[in-house]
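Record features (Swiss-Prot):
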type     : residues : note
DOMAIN   : 20-97    : domain 'Cytochrome b5 heme-binding'
MOTIF    : 182-186  : motif 'Histidine box-1'
TOPO_DOM : 287-307  : topological domain 'Lumenal'
TRANSMEM : 133-153  : transmembrane segment
TRANSMEM : 155-175  : transmembrane segment
TRANSMEM : 266-286  : transmembrane segment
TRANSMEM : 308-328  : transmembrane segment
Amino acid sequence: MGMGGQSGEGCSSGDCVKPEAQYSWEEIQKHNLKTDKWLVIERKVYNISQWVKRHPGGMRIIGHYAGEDATDAFHAFHPDKTFVRKFLKPLYIGELAENEPSQDRDKNAQQVEDFRALRKTAEDMRLFKSNPAFFIFYLFHILLIEFLAWCTLHYLGTGWIPAIITVLLLTISQAQAGWLQHDFGHLSVFEKSKWNHLVHKFVIGHLKGASANWWNHRHFQHHAKPNIFSKDPDVNMVNVFVLGGTQPVEFGKKGIKYLPYNHQHLYFFLIGPPLLIPVYFTVQIIKTMIARKDWVDLAWSVSYYVRFFFTFVPFFGVLGSLALLNAVRFFESHWFVWVTQMNHLPMAIEHEKYQDWLNTQLAATCNIEPSFFNDWFSGHLNFQIEHHLFPTMPRHNYWKIAPLVRSLCSKYNVTYEEKCLYHGFRDVLRSLKKSGQLWLDAYLHK
């Protein structure tokens, strides 16, 4: 129950400071309902029940922290915290009671403070400052590859070999554009968020034909609560796959069998990588833009298709250009799925456990060994741990903070997992097979 503070003495009615309400964690944790949401940032309590609908990052991501301490998430997602705090002022309703710890649910206070000290060290090392030349070169190399695809057809014709080379080049440019839009989407390039948002729309919209707002809505939830059912959209497999160690058993005991999940590591090759981008994402993106009347993103997306067909219809005609588009999407989808899943799918996938930021991210992520190829191939997402801990950090600085992250994890016996690229791919299938077997055992013995 909230406890009123003491007002100042001898002040006029207009100058009196209102007593600050104080709240216990027990009371705050009750406010995690659909229409009643409180959260805590730096011991200050905010009522976000109505404001969630206006939250620029989306109502779901902030709602996932209702009833919790959101301090580390607040710092992770907002580069310009001074600006963002202006929006918090009207939502402020009080403070944590003096006898309440800063961390909720018996979290390790010293570990949390050490992680925050690590973030301060990264700021002092200027690791959140981007190198413009890196991203200019990266954009240039994407545009150059697209130009080489056009040159291949212009100078070599439209035979099978030039067509295959064109598909290969466009697949590379699309995959790399996917990693580049990720940088701008995370506000990790420009100091001003508005420039990140603008270039993000250009890269994901004009260069890829997708939607910035759709991506933000999905991806930020994934970062806020990775591998947590009902909160991370990336583990919502619409009953096609069962993941982790908990969901398969739950499905099995309930007799749920939409598909033969014990064979999911096999049918993954048929309906996972081949269909995610060409079918599922494409339909979802178009549907979302129209349903939300997101005409700006729709215009950017249309500009991609206009440019694509304007470029390739003279070589292949309309149907041939459609075939080219889908071939590129098909191969890009394989690239995207394997890279994104190797960092998360073999890790813990559970219901909410209310862990601190460090443990939440480390339980759900692993790294792939750095190398020139691995860095380029994955868009530096082989440093997935560092990226999840510091999502606004420019990717070219991950390697600088990685040793300090390792040291912190070692201090508190938090598993820091890193593997080679082959083992990353292998563990995706092993994870699916293991989860499928758990489902079968529970299903047969329900």
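Including glycine, each Cβ sits where the backbone N, Cα and C put it.
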Exercise. So, by DSSP, how many helix, strand and coil residues make up the topological domain 'Lumenal' (287-307)?
Worked result: 18 helix, 0 strand, 3 coil
Problem set entry | the domain 'Cytochrome b5 heme-binding' (20-97), counted residue by residue under DSSP: helix, strand, coil | 31 helix, 20 strand, 27 coil
Exercise. Could you give the number of helix, strand and coil residues in the motif 'Histidine box-1' (182-186) as assigned by DSSP?
Worked result: 4 helix, 0 strand, 1 coil
Exercise. Taking a Cβ cut-off under 8 Å, which residues six or more beyond the ends of the topological domain 'Lumenal' (287-307) line up next to it in the same chain?
Worked result: 201-202, 204-214, 217
For this session: Take the transmembrane segment (266-286) and find every residue of the same chain, 6 or more past its ends, with a Cβ under 8 Å from one of its Cβ atoms.
Result: 210-211, 214, 240-241, 259-260, 301, 326, 329-330, 332-334, 336-338, 428-429, 432
Problem set entry | Segment-level pLDDT (mean, integer) for the domain 'Cytochrome b5 heme-binding' (20-97) | 95
